[in-house]
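Q: To start, I am sharing the structure in question, which I have written as structure tokens.
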Amino acid sequence: MISEVQSGAIDGNHHHLSGGPEVTLSERSQGRRVNPTLTLAVVVASVFAYKGLESILSPALPLIQESLGATEAQIAWVITGVLLTGAVATPLIGRLSDIRDKKSILLAVLAIVATGTAVSGLSNSILMLTLGQLLQGVGLAVVPLAFGIIRDTQTEARIKSGNGSVIAFIYAGTAFALVGSGLLVSVLPWRWLFSVPFVIITVIFVAAWRLVPSCPPANHGRVDYTGATFLGSGMAVILVGITKAPEWGWLSIEFGTTVLVCVALLTTFVVLELRSSEPLIDVRLLATRPLAVSCLVYLLCGFATNALFLAVPMLVQQPTDTGFGLGASEFTTSLLLLPLGLAGAVVAPLTGWLDLRVGGRTTMLTGVILAGASFVLLLTANGHFLMVMGATILIGASGGITLTQAMNTVALTSPVSRIGAFSGLAFVVKAVGGTLGVQLSGSILTTGTSTAAPTWTSFTIVFVMGIVVTALVAVSCLLLPRKVTTSAQGAEPLVPTRVSTD
């Protein structure tokens, strides 16, 4: 039997929101009118701004490298630095959001990102630029914070669509940045790539301060800083190893050592968490099927999407006389990738609707099948523009559906007191999978040739690898229950929710 919880206090200071468009939330600090729609708009804008900032540099890296006189290794740290601090900071900030006011944590993260953006924009050396990027990497935590705030401030009917909106604007931010970056640096100095985001993030900071309600924790606790150190270090080590593997060699002693160090650090982390009364990540819950499968889906989808994101530009820029290339320019390539972001942005909010009609497992499988179809299209495109564009649309739609549904699973099956930590871990795992996809695909595409031009055999290996990975994702999805219901563990969210009384 399903009943609707319409009212009732969580504690003496906090009450459930009503179902209307504007509701009253009694905050610890002050009582004022709160609009859930505006709250959702602000957190979605935060994600859009950060993901745009994260993606905007890639097309301009050669220009920045020349301007600062940086080497290839030095300029690589502009991207790697963001990944490293994101991997270290996101699980920690996710846990902080579980035991502290999420609004305060969001404001702190936005302030750090704005500072990093200003440092990067004012940089006159590669060292200063890298420092700014390291600060910006903390912004990866905006994504799990957004999911946590949505869980706290939206009705259950809007949680899934809200999560879909976050995923949608991740794709939209990426698409906007890819096109906007090229246009911006064609008319303005590259430092404007930071000036514009700085203004946008500052405006969002003010909006968050004024419009996002206080989201106090369901339960207070402490942060396991020792566990955070081992988890962050393990993730950082494997990210560095994957990034350097093409240079070292995938079978080299150096890469093997980083893998062993990563395994040792993460094993120590698991042992510490099992012994801790207040672990950073409750690994016992992570062993449950929905959460374990969701993290695996994030890992493999990150791998497949980023592998395609690297391979498609290289494919379409090959000369037409190769029989598979399109001879596309850099700008045409960015336009070709634009549908990927737009498809993800359009489809992600529809995931909740699809879930209601066919169930979570079928929804996830639908997204995975679309990903597999995109790699099949690329294998058979033979230099046809529309088929390549169709493949990018399919992978975008796939990511929108799959990542949204996986995050809905995390959000609805995690205890309220742990949602920040688990959603943060999911995105760190996705970053690891994405980095592995890029580096492994890059190694394959540049192997066996003395020039930078990859062969069709190399592309075939990458696309077949993508099909294999999507098949693994499909098998893992079969382990999910057909329907995903809200976890009864922990305190109730700050919104009306459907509670199973079976």
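Glycine too: its Cβ is placed from the backbone N, Cα and C atoms.
TrEMBL lists these features:
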{"type": "REGION", "residues": "11-30", "note": "region 'Disordered'"}
{"type": "TRANSMEM", "residues": "34-53", "note": "transmembrane segment"}
{"type": "DOMAIN", "residues": "38-484", "note": "domain 'Major facilitator superfamily (MFS) profile'"}
{"type": "TRANSMEM", "residues": "73-93", "note": "transmembrane segment"}
{"type": "TRANSMEM", "residues": "105-127", "note": "transmembrane segment"}
{"type": "TRANSMEM", "residues": "133-150", "note": "transmembrane segment"}
{"type": "TRANSMEM", "residues": "190-211", "note": "transmembrane segment"}
{"type": "TRANSMEM", "residues": "248-272", "note": "transmembrane segment"}
{"type": "TRANSMEM", "residues": "293-316", "note": "transmembrane segment"}
{"type": "TRANSMEM", "residues": "336-356", "note": "transmembrane segment"}
{"type": "TRANSMEM", "residues": "363-381", "note": "transmembrane segment"}
{"type": "TRANSMEM", "residues": "387-407", "note": "transmembrane segment"}
{"type": "TRANSMEM", "residues": "419-438", "note": "transmembrane segment"}
{"type": "TRANSMEM", "residues": "458-480", "note": "transmembrane segment"}
Q: In terms of Cβ proximity under 8 Å, which residues at least six beyond the ends of the transmembrane segment (248-272) contact it?
A: 224, 226-227, 230-231, 233-235, 237-238, 240-241, 279, 283, 440, 443
Q: What average pLDDT does the predicted model assign to the domain 'Major facilitator superfamily (MFS) profile' (38-484)?
A: 84
Q: Ranking 34-53, 105-127, 133-150, 190-211, 419-438 by the number of C-beta pairs under 8 Å to the transmembrane segment (293-316), which range is first?
A: 419-438
Q: With CB pairs under 8 Å as the measure, which of the listed stretches 34-53, 73-93, 336-356 comes out on top against the transmembrane segment (419-438)?
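A: The listed stretch sharing the most Cβ pairs with the transmembrane segment (419-438) is 73-93.
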Q: Please identify the stretch among 190-211, 336-356, 387-407 with the greatest number of Cβ pairs below 8 Å relative to the transmembrane segment (34-53).
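A: Ranked by Cβ pairs under 8 Å, first place goes to 190-211.
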Q: If I count Cβ-Cβ pairs under 8 A between the transmembrane segment (105-127) and each of 73-93, 133-150, 190-211, which range comes out on top?
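A: Maximum Cβ contact count belongs to 133-150.
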Q: Who are the long-range neighbours of the transmembrane segment (190-211) in its own chain, taking Cβ under 8 Å and residues 6 or more past its ends?
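A: The answer is 35, 38-39, 42-43, 45-46, 49-50, 52-53, 56-57, 60, 63-64, 67, 103, 106-107, 110-111, 113-114, 117-118, 120-123, 132, 181, 184.
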